[in-house]
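Asker: Below is a structure I'd like to ask you about.
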Amino acid sequence: MDHLPIFCQLRDRDCLIVGGGDVAERKARLLLDAGARLTVNALAFIPQFTAWADAGMLTLVEGPFDESLLDTCWLAIAATDDDTLNQRVSEAAEARRIFCNVVDAPKAASFIMPSIIDRSPLMVAVSSGGTSPVLARLLREKLESLLPLHLGQVAKYAGQLRGRVKQQFTTMSERRRFWEKLFVNDRLAQSLANNDQKAITETTEQLINEPLDHRGEVVLVGAGPGDAGLLTLKGLQQIQQADVVVYDRLVSDDIMNLVRRDADRVFVGKRAGYHCVPQEEINQILLREAQKGKRVVRLKGGDPFIFGRGGEELETLCNAGIPFSVVPGITAASGCSAYSGIPLTHRDYAQSVRLITGHLKTGGELDWENLAAEKQTLVFYMGLNQAATIQQKLIEHGMPGEMPVAIVENGTAVTQRVIDGTLTQLGELAQQMNSPSLIIIGRVVGLRDKLNWFSNH
């Protein structure tokens, strides 16, 4: 180990930065965030330093470097574009046994600055020892996505509860189980972020007073339209905290590879006209797993509240008193249109968007007259088998036969396929495509030739 990772208490302690440019400014922000009493020495300063000095946040010393500036310092940073000056600052600091960082010269420095993930009071520092800063930055970005944004507030609140938890739970095992339950409670984290004192108190009392082997909870998570990169950060955090993941066929393998390795996986794949697992049985699976005290994630393609039957599943949980929450996802209409170069709205062509299911309940009928109107975009989910009927009904109700249409298969995935034409060809085009597919109808489809970007990569 070439470097010992430590966390320094710099609040109200003298620190020095030599340099007045952009690099020095980035270092100054970190020291100011840490509460340091900061002096900055340079021949000239960018405007941000002047603004900080005017606000009383730091002291500026304009002129050549003077070693006496180090006499009261705990820590120094050399951040100029003059290697000779940086070396001089480093040697002067070392002579006084003061740790000194030299920007972009780790061998000349007595300490290095890591990449930082700040969830105060929780702090994570990542370093490659100066050998590969880009790698350290990429790793930091990965870790950023895994740590909920409000985790620091939860950690701070947990510190306030330590005494009460120690009284409430007599064994270390009970306390550990309680803390695990608290740190994954999304409702508490959100309440703390919103400073909702009533919700904070209610959630805390519920967590403390309910049995540790309580009935669990269900989180409904939208996986997005296919590309794993479109999964939200909150969705990623939820699937990596799950005990059980219940998923359907629209969830890609790339997304399932992000699920916690030791989580149970329950496949309930569905498609229009054929259900591997009946919807009622899916509802009961969620209920049974939650009643075992497990943290269940119901992972659904797209957005769970847009033709995903998420509302029906949550009604079952609500009726049984099972706690639940929802993480929205990018719906197929948004993802498929963007990856096909088709804007859903455009000032010249469409002032509204209709999201329509092509898989109606028996006896259901759409308002075809309104759907046939101009200046709008129609997006049909699960409409492949009904394409000929959609074509017929829209033309019967006045939509021009030359209206542009597109069908997007496996939208946003590397296997995405798009075919376009006119409304009079819709039924024929649908026969060339496979499920899952999305039908887009409207003048905006005509922009595809100009705006298509994904198929060119």
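Cβ coordinates come from backbone N, Cα and C, glycine included.
Since the structure is predicted, the reported quantities are computational estimates derived from the model, not experimental observations.
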Asker: Would you identify which residue of MET172, MET382, MET399 Swiss-Prot lists as part of the S-adenosyl-L-methionine site it also attributes to PRO225, GLY301, GLY302, ASP303, ILE306, THR331, ALA332, GLY411?
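Answerer: As annotated by Swiss-Prot, PRO225, GLY301, GLY302, ASP303, ILE306, THR331, ALA332, GLY411 share the S-adenosyl-L-methionine site with MET382, chosen from MET172, MET382, MET399.
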Asker: For GLY411 (S-adenosyl-L-methionine binding site), which residues of its chain lie six or more apart in sequence with Cβ-Cβ distance below 8 Å?
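Answerer: Set apart from GLY411 (S-adenosyl-L-methionine binding site) by at least 6 residues yet with Cβ under 8 Å, we have PRO225, GLY226, ALA332, GLY335, CYS336, TYR339, SER340, PRO436, LEU438.
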Asker: What's the longest C-alpha separation between any two of PRO225, GLY301, GLY302, ASP303, ILE306, THR331, ALA332, MET382, GLY411, the listed S-adenosyl-L-methionine-binding residues, in angstrom?
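Answerer: If we measure all Cα pairs in PRO225, GLY301, GLY302, ASP303, ILE306, THR331, ALA332, MET382, GLY411, the largest is 16 Å.
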Asker: Can you give me the Cα-Cα distance between ILE306 (S-adenosyl-L-methionine binding site) and ASP248 (active site, proton acceptor) in Å, rounded to a whole number?
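Answerer: Rounded to the nearest whole number, the Cα-Cα distance is 15 Å.
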Asker: What whole-number Å value do you get for the CA-CA distance of ASP22 (NAD(+) binding site) and ASP248 (active site, proton acceptor)?
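Answerer: Per the Cα atoms, ASP22 (NAD(+) binding site) and ASP248 (active site, proton acceptor) stand 50 Å apart.
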Asker: Which of the three DSSP states, helix, strand or coil, fits ALA332 (S-adenosyl-L-methionine binding site)?
Answerer: helix
Asker: Quick check: with ASP22, VAL23, LEU43, ALA44 left out, which same-chain residues have Cβ atoms within 8 Å of the centroid of the NAD(+) site Cβ atoms?
Answerer: GLY19, GLY20, GLY21, ALA24, ALA42, PHE45, ILE46, ALA79, THR80, ASP81
Asker: ASP22, ASP248: which of these recorded positions has the highest Cβ count within 10 Å of its own Cβ?
Answerer: ASP248
